[in-house]
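**Student:** The structure is given below, and queries will be raised subsequently.
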Amino acid sequence: MNLTALDELVELRAMAEAELLCAHYETYTPVRFVLIMVATVIASLGTIGNILLLIVFSAKQISNTPATLYPSVLACLDFAICFEYILLFGVDALVSYLKIESLFSLYYVYIVPAYVMARITQLAIPYMLIFATLERLFWTSKNKSNLLKAFHSTTGRHITVIVSLIMCILLRSPSAFAIRVDEYPKCPDFFRTKTTNPREWALESQLYHFFDFQVMTIAQTLVPFVLLVGLNLIIVRRMCSDSVQKEKLPEPTEVCFKEDRLLTQITPVHKSSTTIGLSFPPLKSMSPAVRSAVFTMAAIVTSYLISNILHLSLTVLERSGHQILKSEEDPQMSSTFHTFFSDLVSFVYMFTSAIRIVIYYLCNPKIRGDLIDFFANRKNAVYL
């Protein structure tokens, strides 16, 4: 063996030892950095938008307005998911691309609690949507039992929110004990001296694997989607039926359900003679309020479905250890596909929460009016 070959062998061994001493990492290309920064700006706007929604909902707590507890809690959760995106992804991009040592150290101080809070938030959001949808269903029901009235009373709403949030915390709390920050003090690259890894018991426990994957997939993805689709279809069905029935009255009057913040007002249809059978009437035969409810339901449920299907697909790939997720050149690095796909999943989750105020504004005339009034009042105050 000549000296050149020997030198190359020594260099390869040194590189291999360095890899073992350093943490797994993901590269940030200029394109990826710019995209993450754009997403971080959207998340920042989402935090502001959800705070604004919370202010609008809180300002309308008077006797002749509908309850806004569920939308208010949902706005808080949407704010949390946007803020957590900034902490987990925006800061990570700044650290990895700009090489800020102090920010790197701070990032690994809060990474585990921020990650656990993000998982709790992801689980809680669909159930707040379900409770809000059940409330819409209640207000569109003609026969209201005493049990349903108690469930949708002020006390019932508070109990429902508290119990559901406690359950979400309990279900996701094992994540806090299943992940840790590992340090690699001998690594020559400072920005690869720390990373997060699952604990040994989490890797070895079949029970935890079953709970964290199968059970939580059903609880977070399948059950909420089925309930949201089913409940919203029932609501739209009732609204279509009411709209057609109002057409037959000699002097149609406006019908306003108490939950108009989530349902919008229903006005009679004047140009449709469609009867309600086993299928929905044509979209053109619906009143504007009915169409608004249809579009709101479609936007929320579709965005929820997309984000959860993407998340489920990524989880299956990661749990199976598929080779498509690893770089062919360096097994310690994530593949381009894994990096792009994980970024996409995280962005879609955040984006559906960030644009909630846009969906409300476009599809709900009542909330649109409240937002316009809010800005008009702020403008007058600044002028004065």
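Keep in mind that glycine also has a Cβ here, set from the backbone N, Cα and C atoms.
It should be emphasised that the depicted structure is a prediction, and the values quoted were computed from it without experimental measurement.
From TrEMBL, for reference:
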- 33-57: transmembrane segment (TRANSMEM)
- 49-360: domain 'G-protein coupled receptors family 1 profile' (DOMAIN)
- 69-88: transmembrane segment (TRANSMEM)
- 108-134: transmembrane segment (TRANSMEM)
- 155-173: transmembrane segment (TRANSMEM)
- 213-236: transmembrane segment (TRANSMEM)
- 293-317: transmembrane segment (TRANSMEM)
- 337-362: transmembrane segment (TRANSMEM)
**Student:** Calculate the per-residue pLDDT averaged over the domain 'G-protein coupled receptors family 1 profile' (49-360) and state the result as an integer.
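**Tutor:** Over the domain 'G-protein coupled receptors family 1 profile' (49-360), the predicted model scores a mean pLDDT of 77.
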**Student:** Is it true that the transmembrane segment (108-134) and the transmembrane segment (213-236) have 3 or more Cβ pairs under 8 Å, skipping pairs fewer than 6 apart in sequence?
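**Tutor:** Between the transmembrane segment (213-236) and the transmembrane segment (108-134), which are separate recorded stretches, there is contact, as judged by 3 or more close Cβ pairs.
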**Student:** Which listed range (33-57, 213-236, 337-362) shows the maximal number of Cβ pairs under 8 Å with respect to the transmembrane segment (155-173)?
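**Tutor:** The stretch I would name here is 213-236.
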